[in-house]
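Visitor: This is the structure I have questions about; it appears just below.
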Amino acid sequence: MLSLRTSISRIQPCLFIRASSYQTEATQPKFQDKIRIRIQGGDGGQGCSSFIKEKFRPYGPPDGGNGGDGGSVYVAVKPGSFNNLSHLSQIHKASNGTNGKGGNRHGSCGKSVILYVPPGTVIREISAVRSEQSLEWVQMPGKTKPPKLKKGQISFVSEATRHGKELLYYRASSMISGAAEYSLEECDTTPQILCYGGVGGLGNVHFLSENNRSPKFATKGLTGEQKLIELELKTICEIGLVGLPNAGKSTLLNCLTASKSKVGEYEFTTIYPKIGTIKTTMPDDHSSFQYRLADIPGIIKGASDGKGLGYDFLRHVERAKMLCLVIDINPKAKIPADQAFQLLWDELNKYEKNLINKVALVIANKADTAAEQDLLLLKAIVERTTKGVAVLPVSAKKQEGLEGLVRGMTQLLQQRLLV
């Protein structure tokens, strides 16, 4: 059997900060990492047409308040609360603003909606319904038809319309949509707007003029935006563990982070990404350093073309700072170690050429069952294919070589973070 240079008897798991896989697959809700949902901002409330009531005066000065703005739809990251997108419903609508009232009382704004998502979520706008916003009038109660115009009043009506449009444009200028794609990192905990609510209508006090001292009309509020958006989770982690099914990635993650990933002797035990956190102490200054480690579902030949689970989950390693290829070097492995490495290398290269530049370490797992020759064959093909990528033998099952592995991953990651 192969003797591990960095072998240790038993090591305690590194301090566990959080693993998104704390529950087993059997107890977790359905995993969703790509969904489409409809979002809609609330409509603005109507402006009010009213007057101050005074004795012997049918219409005092106008005092109609504005309608409240409709609520908007926001998105924000909530670290540690979600590990996928299954908690989001298909439709999210903000509340409408309430109507204005007499006495210059403005309507209240509608309640906004915040969509909380895990870090690593990308949001794309698929389509948007932006109806042409026109100025619609609201008459005083009991006056369903526009008042008949007398001679000389046409100029006033056109002036009021122009003034109303200017005011609404000024109030609605913030409704100009932003970027069509958002990429949310762990630091994006401040809500970002996705869909604006409509601004409230104008009360009749805005239409007081020399030509009309008793304006008996107000305006309706504008409608809120409507959008169809797509949310895609691309897991954020510093290091991604990539390997064929049954290479021992889940066992490795469990040992290093005290995660609770499911382990089995059949293919595709892991059916969605699991994340654990390694916390270690640097030997030079004894400072604390932590990073996230992701167990990516097993990749098979043709994964870059959509076969198996690979196509859906290869995107989860796109944002990783560094990749570690986990190779089973057990002589009884279904695919020999050298062929397994070449297969993984080819699939990563086909999916996105930049991914192979992230490969910094090859972990030769199950080294306690392998001979020296098996490790030498793997090292030979790695040296021919890569530029300076090291091969480190470990045994996750027996927890041998893990201390050296953590030390090596930490050093390599720090080097990449400094670039």
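Residue numbers in this text run from 1 along the chain shown.
For all residues, glycine too, the Cβ spot is worked out from N, Cα and C.
The GTP binding site annotation in Swiss-Prot covers 243-250, 295-299, 364-367, and the record cites sequence analysis as its basis. According to Swiss-Prot, the domain 'Obg' annotation covers 29-236. Swiss-Prot lists 237-414 with the feature domain 'OBG-type G', giving sequence analysis as the kind of evidence.
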Visitor: For the binding-site residues Lys249, Lys366, which Cβ has the most other Cβ atoms within 10 Å, all shown protein chains included?
Guide: Lys249
Visitor: Test of understanding: give the count of other CB atoms lying within 10 angstroms of the CB of Gly243 (GTP binding site).
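Guide: Here the count is 25.
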Visitor: Taking every residue in the domain 'Obg' (29-236), what is their average pLDDT?
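Guide: Per the prediction, mean pLDDT sits at 81 for the domain 'Obg' (29-236).
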Visitor: Give the number of CB atoms, excluding that of Ile296 (GTP binding site) itself, located within 10 Å of its CB.
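Guide: Other Cβ atoms within 10 Å of Ile296 (GTP binding site): 26.
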